[in-house]
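Record features, source TrEMBL:
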- 16-38: transmembrane segment (TRANSMEM)
- 50-65: transmembrane segment (TRANSMEM)
- 117-141: transmembrane segment (TRANSMEM)
- 162-184: transmembrane segment (TRANSMEM)
- 190-210: transmembrane segment (TRANSMEM)
- 266-287: transmembrane segment (TRANSMEM)
- 299-317: transmembrane segment (TRANSMEM)
- 329-352: transmembrane segment (TRANSMEM)
- 468-486: transmembrane segment (TRANSMEM)
Amino acid sequence: MGLGWPQAWLLGLPTAVVYGSLALFTSILHNVFLLYYVDTFVSVYKINKVAFWVGETVFLLWNSLNDPLFGWLSDRQFLSSQPWSGARLSSRAVVLARVRALGRHGPLLALSFLAFWVPWAPAGLQFLLCLCLYDGFLTLVDLHHHALLADLALSAHDRTHLNFYCSLFSAAGSLSVFASYAFWNKEDFSSFRAFCVALAAGSGLGFLGATQLLRRRVEVAGKDPGCSTLAMDGGLYGEELLVGSEEVGSITLGQYLRQLARHQNFLWFVGMDLVQVFHCHFNSNFFPLFLEHLLSDHISLSTGSFLLGVSYVAPHLNNLYFLPLCQRWGVYAVVRGLFLLKLGLSLLMLVAGPDHPGLLCFFIASNRVFTEGTCKLLTLVVTDLVDEDLVLNHRKQAASALLFGMVALVTKPGQTFAPLLGTWLLCFYTGHDLFQQPPMTPVGSAQPWPEPPAPAPAQAPTLRQGCFYLLVLVPITCALLQLFTWSQFTLHGRRLHMVKAQRQNLAQVQTLDIKTV
């Protein structure tokens, strides 16, 4: 009996489209979470200040540690050639394991998202448990999704192709931010709660459907003796690796960390990425502040809210242009160009001064968009580091999720440094303490307590000047640091081609070994 047309159509979708759709099912939840979770617990559930900061402190620790923890639990068996009871482990088996993990953890992420919007425990306890549960499942989904990028494709062209669809679907998922404004009402929470239920249902079912499609693709490719790749439609890479062919002791966490400490390109990359994460979150944290103190006399509140919403969507759309450039010129050259663009625009804004509202509006928006867009391109660089780690340490299988987790461990402190350093610099320069005199912000922003009266008019010019210098000097400093660290990164050009060729040769040699056993 033939397949019905909907099922046949779904099975005919390109693998890159199915892989990219997983980003949609994550982003429709995560953007809404970022905008509203603080306001919900502070304004609706009336959490007290001590419980709020205790929850955020525990969340900070958990958020930093769970990436390497889950990466280690997922990939520690790939670090050595320890016998697996005589079983052979193929790259296809690794991909299937990651797809099954996404099929389990994706729906659980949707359920943990729902737990925010229904009061079921004392506010402080619910806040702590919801944050840790949600971030745990989000980390598991992100790690396996990013690891699949390295495991499904080897060439830069194929990985860029996969990332293109991730950006496309992430942009579509960001539209949930605009839709949320129609339902957000702190006085009558039922409409927003129903909206979140619909988002969670769509996300959970989407994860189940997409992972089922991916799993069928991989299983069919494995049963076809004439098929050497995981997917014929996108040139995706399928290698057969033998794990357990040699009697070698397993690698401990300490040994793995020492290997990373000798991996020079990894060290230069995480140094650059730490600054990038800091700058991304600095822009997010201070976006409303810059709009109010630099542009409030020139734009309306609705325009400011619209700019905030656009800033979530535009980075993904922007990447649809930059990813083809990556295919042509390489990720290294495009990222370096973005750093130079950031430096050039910041210097231009510094020279122009704060009295050009049109230029200010463009700079504030473009600074956030280009910075967020760069963060998304760096996923491709981590996949190249996965390849280099495999070649340098002669691994039997790429430890993709673990390397992504170690990158996150080093770079996530930038999320904390951004608000701390930004508020300290503003206070140092202007004497204005944001914790004592928080500014007015649009609906959905993360200001947790009511605003006291605005500062006296005599303080306003100094505060405006301080915001302007913070706006331009932070990206100038970040760009200079990143240009230096990025100039030390050598995994591009001939070296990158050499690493790719060595991994390809390793896969071919080990495939021949399997056939001769």
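Numbering starts at 1 and runs along the chain as it is shown here.
The backbone N, Cα and C atoms fix where each Cβ goes, glycine too.
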Quiz item: Do the transmembrane segment (190-210) and the transmembrane segment (50-65) share at least 3 Cβ pairs closer than 8 Å, excluding pairs fewer than 6 residues apart in sequence?
Solution: no
Quiz prompt | the transmembrane segment (117-141) and the transmembrane segment (266-287) contact flag, 3+ Cβ pairs under 8 angstroms | solution = no
Quiz item: Residues sitting near the transmembrane segment (266-287): Cβ under 8 Å, six or more positions beyond its termini, same chain?
Solution: 260, 308, 311, 364, 367-368, 371-372, 374-375, 378, 381-382, 385, 389, 403, 406-407, 410-415, 417-419, 421-422, 446, 467, 470-471, 474-475, 478, 481-482, 485-486, 488-489
